[in-house]
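Below you'll find the structure, written out as structure tokens, and then a few comments.
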């Protein structure tokens with residue numbers, strides 16, 4: 001039986017994997033487990049191929065992975081609404097306010113969050129984001145015309161809004177920009193290949209896959225300096241400033257996940273692990289002294305294989321098999 005977190009994320013991400021661009025008028029409470037998505041329409045394909053700006057209305061709970069102009073107009077009291085934005089790993093998201101008609105004094109709000117939040121858990125975590133949590137929110141009712149364009153720090157962002165009066169609403173334009181060195185990423189698909197590079201930056205980067213997966217690391221370079229690899233301790237990663245760890249859990253925040261494997265030695269070859277968690281994260285910690293790089297592939301685990309496990313606890317369900 002899938003967890004609530006897994007169902008919510010699969011509603012978002014399986015849908016994106018199938019449609020590769022359009023999310024059609026679904027709300028979480030309406031989505032069935034057997035039919036979590038609708039396919040990309042021929043009308044939309046023709047519109048995009050003609051180079052036109054894509055436009056459509058938003059629903060209270062929505063997901064976007066495509067550029068365009070989007071409008072929400074309240075038909076009734078709307079207290080808890082959110083739109084999730086996601087791009088490819090190498091993309092950043094820019095949200096521009098075109099038109100806003102809300103009653104800030106009457107309790108309405110419109111906030112952009114740099115990242116995602118589900119059930120109070122954040123991605124990227126507070127440990128991995130360059131800004132403190134308080135600065136990751138941009139409240140239209142506080143900033144007004146001062147900040148009408150917001151750019152994300154990674155390939156995901158979201159807006160929260162509350163509107164009391166029918167007829168009120170807003171219009172935003174969503175654009176995507178190239179990120180030369182992607183750091184924190186949520187994968188749109190259950191399988192893929194990615195190379196993460198951190199060039200002389202003191203930062204932590206997490207790649208999140210919200211599926212049980214087989215993950216294969218084919219190349220890991222840690223402590224690369226002047227063409228040489230620095231010698232690492234022979235046991236564990238304690239005290240090492242540059243390393244990669246694999247995490248697993250049932251939530252969105254990597255800092256709250258179970259550590260599964262630490263890798264602090266450079267290698268060329270193949271290290272394969274099966275991780276049966278709702279969410280799998282590959283996280284690189286960098287001291288900023290070196291150029292670190294990791295290349296990995298991931299493929300969704302066969303559901304029959306995970307269901308045949310004797311227990312469904314985190315310790316058993318998420319234990320890696322090397």
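Just so you know, glycine gets a Cβ as well, placed from its N, Cα and C.
Under the heading signal peptide, TrEMBL lists 1-21.
According to TrEMBL, the domain 'Corticotropin-releasing factor binding protein N-terminal' annotation covers 52-177.
According to TrEMBL, the disulfide bond annotation covers 60-81 (among others).
What TrEMBL records for 104-141 (among others) is disulfide bond. In sequence order, 140, 141 make up the list of same-chain residues 6 or more apart from residue 104 (disulfide bond) whose Cβ falls under 8 Å from its Cβ.
Around the Cβ of residue 183 (disulfide bond), the same chain contributes 128, 153, 154, 196, 198, 203, 205, each under 8 angstroms and 6 or more positions distant in sequence. The feature disulfide bond is assigned by TrEMBL to 183-205 (among others).
Residues or ranges marked as domain 'Corticotropin-releasing factor binding protein C-terminal' by TrEMBL: 185-306.
Feature annotation from TrEMBL assigns disulfide bond to 237-264 (among others). Cβ environment of residue 237 (disulfide bond): 243, 245, 262, 263, 264 lie under 8 Å away, each six or more residues apart in the same chain.
Neighbour density for residue 277 (disulfide bond): within 10 A of its CB lie 28 other CB atoms from the protein chains shown. Taken from TrEMBL, the feature disulfide bond covers 277-318 (among others).
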- Message: If you count other CB atoms within 10 A of each CB, which of 60, 81, 141, 205, 264 wins among these disulfide-bonded residues?
- Response: 205
